[in-house]
Amino acid sequence: MIRKAQAYNILITIIFLILVPAIFHITFSCFGFNPTDEGAVLAGARRIVEGQIPHRDFISIRPTFSFFLHIPFVIWGGSYTFWLSRLFAWFQCACIGWAWMLITGKAAGLFYNKVEKFLYAIIALMCSVNIVPIMAWHTLDGLFFLSVGFIFCLKRAHREKFFGYAIIGLSYLCKQSFLPAVFISILILGDFRRISLWIAASIPAIVYTIYLWLGKAIPDALVQLTFYNKILYFSYVIRPYFANISLLYGIIAGFFSTYLIFNHKVSHNPPLRIDVKRLIGLLVLYALFMFGAMELVRNRYNIFSFCLFGAVIGLAIYFIIAKKGIKESDILKICFLGLLASWCTSLSLGYNYPSLASGPLGLVILAAISLSCEQDDKKYTMRRVSAILNCVILAVFALSFFVARLKYPYRDKPAWELNSGLGGVLKGANLIRTNSVTYEFFEDLKSAIDKANGKIYAIIPDLAAYWVKSEQVNPLRVDWVSPVEIGNKAAMDNFTKGLKYRRGDIIFIVGKFDIRSLAYGLEPISDTERYEVVYYIRTNFAKIGETKFFELYK
């Protein structure tokens, strides 16, 4: 009987991890394309396929395990490389949702039935995906490994814990912002006295260091991985939490609703007022999800994610003050894990919001609700109310999710205005549809490349996506020429000065317009700090030709 139940659970897991991503992928993945950051990871994977050593042969301000992870799509993706990489991104998001369903259930001692498992995992999936770009992405890779690692770290067996911390170690090889997760999670889970687990978490770093040492890339890696100073990092990843009023609203809502739900005395005949108080607390927590659905449709979900982050802080504050039973302490543990995962996810100079990890935060809240229902002496009544509300938020959030994903493709027009297939103008982009201007942009790029007359060329400042399946390998040391990817001002100065040594060797194809807003109008590139390289080429090289969207310099 036990084996049958285990087989059934495995079957449910496989169905969810295959069927759900496939449905979302087929529904949404063909819509939208903007050649800014999409393709940056795949272009890095292409460099490794070509035999280049990270940091030595090309610049990367992050560890490069994400590049290795996505190599199969570059090698075998063919004309469908981008479309297939999006399928893998959906699979990762489904794994994150399923993982946190298991994490919250395991840590809080809750046993979800098969319907609850699907319901909670799908809610987590939609909360996390919201309107973030579905693509090969360092942050998504890091959250994926962190979430899977937590599953094993929560188990009792030492071998499974060892494996779990080793997986967590892979997260900081995708992006160094996940490095704090190793130190903090091992403290949260009470494993800090076990030296072997510290070793497990260090294994990926040791292997990566050996790889760089063999490739003589350690000096370059040390410089590139420490480009950003502490002041800049504080401005982007700490200040947003203190400057966002949504965080405070979330803390207040989370604390007082948890107080109303848990602060009661069990009685065989409880007075009506206690049920009303608990119902109010329950409704406040569920209202957060309803509000999130509204903000999703309004394209403000990234701001709302701070509210969800604050709500989990409110939960944690209550359980710290209340000091109740064992299960409450377990909920406190997953509160800390959820906050840790979302904070590490938000440590970004380009997208410093915890929205990608709002699925884990949402499941922490739902786990607290489930625990309150388990402890209620009117258990089945409260569970029934909770089940109804779960179905309501699933329906409302699913509708909002569907509308938002179609209305707000990443840096592109609504799905119903995307009538141009990219397959004919960008290699590897079959089945991807975009707006007519972006299509014309890539068509014009082919004309600009033809004007190079077979000579070596480089494309400035964006368009990392082009190099994923291009015939020529990018001659520059970076695929996405932006201040974020190159690093600090000194690094940018060194990069621009190095271009003069390629005078006569390379044709520089320089974009005329800011492609971040390409779908909504042609905004000329200005000589700002973001486009310092463009300014340098325009003032130090000779213009030899132009097309509608590009200028050629030599």
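Just so it is clear, glycine is given a Cβ too, placed from its N, Cα and C backbone atoms.
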Annotated range (TrEMBL: transmembrane segment) out of 68-84, 221-237, 357-373: 357-373
Interface check, the transmembrane segment (303-322) with the transmembrane segment (90-112), three or more C-beta pairs under 8 A: no
Non-local residues, at least 6 beyond the ends, that sit with Cβ under 8 Å of the transmembrane segment (276-297): 123, 127, 130-131, 250, 253-254, 256-261, 264, 303-304, 307-308, 311, 358, 362, 365, 368-369, 372, 376, 382, 385-386, 389, 392-393, 396-397, 399-401, 403-404, 407
Winner by Cβ pairs under 8 Å against the transmembrane segment (245-264), considering only 118-151, 163-189, 195-214, 357-373: 357-373
Interface present between the transmembrane segment (118-151) and the transmembrane segment (7-28) (three or more C-beta pairs under 8 A): yes
Whether the transmembrane segment (163-189) meets the transmembrane segment (334-351): three or more C-beta pairs under 8 angstroms: yes
Among the ranges 90-112, 118-151, 195-214, the one whose Cβ pairs under 8 Å to the transmembrane segment (334-351) are most numerous: 118-151
